[in-house]
Amino acid sequence: MTRAPVDVLLRRLDPEVPVPSYARPGDAGCDLVTTEPAELAPGERTVLPTGVSIALPEGYAAFVHPRSGLAARCGVSLPNAPGTVDAGYRGEIKVIVANLDPRESVRFERFDRIAQLVVQQVENVRFHEVAELPGSARAAGGFGSTGGHAAAAQQQSEYVPVGADRHSDLRGQ
Ligand SMILES: O=c1ccn([C@H]2C[C@H](O)[C@@H](COP(=O)(O)OP(=O)(O)OP(=O)(O)O)O2)c(=O)[nH]1
Ligand SMILES: [Mg+2]
């Protein structure tokens, strides 16, 4: 059963900008374009306008995610990924893009797709300060604690030394 879409008000700040839409049924993200052309040298970053602003319903947030094709082909990344668009934000959605390629510049033309927007329900919490937290199986383990060398290192101290095998967590050792 398909769920009814959530209605979100959108304002176009550029009369020619396309309204973001999902490329395929079931997609999580709809693409955002830049309304300004830009060229990024290797290692450079900039903030690009998308030409749209939205009013999300209360209890929702939108997240600006990278596009995997751009990352794989050109090394384009979003340093703050995923960028958070608060429900109360009425300004233009902007995308912080960085060119992580060490050698090649990357050029964006007007209306190139540079990121994707994922809208999600989010909880608001109330924090209750306590002196001790309830126990758990993981306790304070993190930062590679389930890997071999890192786990051993963590048992001895609270940090992983520089010399520890940095890939042991990838191999699940
Ligand atoms: O990729 C992004 C991230 C944020 N925003 C907008 C919407 C968001 O509601 C607002 C603030 O974002 P955030 O809280 O991440 O930035 P901040 O540095 O904490 O700024 P502020 O002090 O205004 O909250 O900026 C974007 O347009 N694109
Ligand atoms: Mg903030």
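Glycine is no exception: its Cβ is also placed from the backbone N, Cα and C atoms.
Pulled from TrEMBL, these are the features on record:
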BINDING   R67, S68, G69, N80, T84, V85, D86  substrate binding site
COMPBIAS  164-173  compositional bias 'Basic and acidic residues'
DOMAIN    17-147  domain 'dUTPase-like'
REGION    142-173  region 'Disordered'
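The secondary structure of T84 (substrate binding site), as reduced to three states from DSSP, is extended strand. Its Cβ taken as reference, T84 (substrate binding site) is surrounded by 11 other Cβ atoms within 10 Å in the chains shown. Filtering R67, S68, G69, T84, V85, D86 by Cβ distance to ligand 1 (under 6 A) retains the following binding-site residues: T84, V85, D86. By neighbour count, meaning other C-beta atoms within 10 Å, the densest spot among the binding-site residues R67, S68, G69, N80, V85 is V85. Across the residues of the domain 'dUTPase-like' (17-147), the predicted structure has a mean pLDDT of 97. In the three-state DSSP classification, S68 (substrate binding site) falls within a helix. On its own chain, D86 (substrate binding site) has L56, A61 as residues at least 6 apart in sequence with a Cβ closer than 8 Å to its own Cβ. Residues R67, S68, G69, N80, T84, V85, D86 are the ones the record ties to substrate, and the longest Cα gap between any two of them is 26 Å.
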